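**Student:** So TrEMBL lists the following for this protein:
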- 11-26: compositional bias 'Polar residues' (COMPBIAS)
- 431-444: compositional bias 'Pro residues' (COMPBIAS)
- 452-461: compositional bias 'Basic residues' (COMPBIAS)
- 464-476: compositional bias 'Polar residues' (COMPBIAS)
- 232-357: domain 'O-antigen ligase-related' (DOMAIN)
- 1-29: region 'Disordered' (REGION)
- 424-476: region 'Disordered' (REGION)
- 56-76: transmembrane segment (TRANSMEM)
- 88-105: transmembrane segment (TRANSMEM)
- 139-157: transmembrane segment (TRANSMEM)
- 196-214: transmembrane segment (TRANSMEM)
- 267-288: transmembrane segment (TRANSMEM)
- 343-366: transmembrane segment (TRANSMEM)
- 378-396: transmembrane segment (TRANSMEM)
- 402-418: transmembrane segment (TRANSMEM)
Amino acid sequence: MRVWDVFADKSTPSPRWKSTTPSQPFSPAPGQIMPGAAVAVVVLESASGFLPSEPLVSVLTPLRLVVLLGLLGLVLDRAGVGSFRTRMDVLVGVVVLSALLATVAGGGTSAPLRGLLPQVAVYYLLVGMRRRHPESWHALTVFALASVSIAGAVALSQATNATPTGFCRSGLLGDADCGPDTLVRSIGTFANPNTLAAFLVMLTPIAALAATLLSERTARLSVMILAGVGYGAVLTTFSRAGYIAAAAGILVLVAARRLMPRFSGSGFRLATAAGVGGLACVGLVIAISSRAGAALGVRGQAWEAAIEVASTNPLGVGLQRAGAVIDARAPGDVEFSHVHNLWLNWLVEAGVLGMLGITAVTVVGVISAARLARDGSATGVACLSGLTAFMLMSLLDHPANLERIAMMFWLVLALTMAETPARWRPRTAAPAPPPATPQPPARPPGQLTPGRPRKHPRQRVRTGPTSSTGMPLTGP
């Protein structure tokens, strides 16, 4: 089996990039260009951070302007409400509502809420573009390949040149202060190694999908090499969670492609129940471990403080305030930026409603990707691999605390949900009426009913002598 055969879509013929011909000139309308250009800017911005964060006018930053222009392009392209509808709409609304309540009740600023809204807008931007133009996922794989190559190449350069990044390891996985005998941990285009690892394990499977767009073997191999730069860069981060997530993502990538299409309906439901049960068990272990205090290091301290804060603030303390609140409760002089767990962080910042909302979003996203993978979808396989790896990292860290990572998380969710039907169960067609009893043929206007003689109700049938031909004789 060739490497790129993992992504070959068995549900449809292998996609090919169709070149334009004189009969089909390349002349897309602005409504088609604007959404694609907006998604390209969003993905490249998440990889490199090249856009300034200062607002242009009031709260309108360059990134938010790009997203608005992309949505405007969909409106010009006559995208209806049905183009944006997904089965996750209610859950997304719960997440936004919990963030709004936490902002009001927690007394925090509205800036983090304004950061969440563009992420949700990107979700619907990609859903609308994918629904209006089903082949637009081709472009997204190219954008992902470029982003992974950028971040991965910078990380490899830092590792090979021993560029100081402020993060080091002693040995392979031991924590240590930076010194002459320590290993430099690459951060790529991000602020720390863990966020780089989270970005790479989430987007590299989607970047590898670009190989399905090419038919020539050398070109496909080149794409796989560029995608492999992403996993190679994960090794230079020396992130323990990143190593586990990358290995799990590759394992899911292969297993989902080779095994999941063979699952029956009951087998798939059993595997789904096992996955959800495993996630619940991990959550229970974290809840129990949160009482262990310093026995689990700084993460145990953060988890214990998170449970205490959530018990006294059911509506949350406000977005982006978990780090400061945990610092005030956790012992020691370690500074926290978050709770080191995606779901506990939402529990602290957005309360119980926020944790339930983000839990439902992640579970529905993974289940939907698994269903697509079972049906033979190449994008479903890639999204399942990326989401699984990201969820594993989010158990021990919270990389989505960075807006650039959170933007990619919502983008991968959008790629999954755009291909998933908006309803859990499709509408069943109305049952066909029972066959009617045979009826005599109706008489068309101006014609006689077959087998009936021409006779008016008031007309008498004349009897009399007939000719030799059998016709009645006429005349005096």
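Placed from the backbone N, Cα and C atoms, the Cβ positions cover glycine too.
Note that the structure is a prediction, hence the values are computed from the model and not measured.
Help me understand the surroundings of these features in the structure.
**Tutor:** Using a Cβ-Cβ cut-off under 8 Å and counting only residues 6 or more beyond its ends in the same chain, the transmembrane segment (56-76) has close neighbours at 29-35, 37-39, 41-42, 45, 83, 114, 118, 121-122, 124-125, 128-129, 132.
Cβ atoms under 8 Å from those of the transmembrane segment (88-105) belong to residues 112-113, 116-117, 120, 123, 315-319, 346, 349-351, 353-354, 356-358, 360-361, 364-365, 413, 417 of the same chain, restricted to positions at least 6 beyond its ends.
Here the transmembrane segment (343-366) has long-range neighbours at 87-88, 91-92, 94-95, 97-99, 101-102, 106, 275-276, 279, 283, 286, 303, 306-307, 309-310, 313-322, 325-326, 384, 387-388, 391, 394, 398, 401, 412-413, 416-417, meaning same-chain residues at least 6 beyond its ends whose C-beta is under 8 angstroms from one of its own.
Within its own chain, the transmembrane segment (378-396) has Cβ neighbours under 8 Å at 6-9, 137, 194, 197-198, 201-206, 208-209, 212, 241-242, 244-246, 248-250, 252-253, 256-257, 279, 282, 286, 299, 340-343, 362, 365-366, 369-372, 409, 412-413, 415-416, 419, counting only residues six or more beyond its boundaries.
Remote same-chain partners of the transmembrane segment (402-418), defined as residues 6 or more beyond its termini with a Cβ less than 8 Å from a stretch Cβ, comprise 39, 42-43, 45-47, 49, 86-88, 115-116, 118-120, 122-127, 130-131, 137, 140, 190-191, 195, 198-199, 202-203, 206, 361, 365, 368-369, 372, 379-380, 383, 386-387, 390.
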**Student:** So what's near the transmembrane segment (139-157) in sequence-distant terms, Cβ-Cβ under 8 Å and 6+ beyond its ends?
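**Tutor:** 36, 39-40, 43-44, 46-48, 126, 163, 186-190, 196, 199-200, 203-204, 206-210, 212-213, 223, 226-227, 229-230, 232-233, 236-237, 415.
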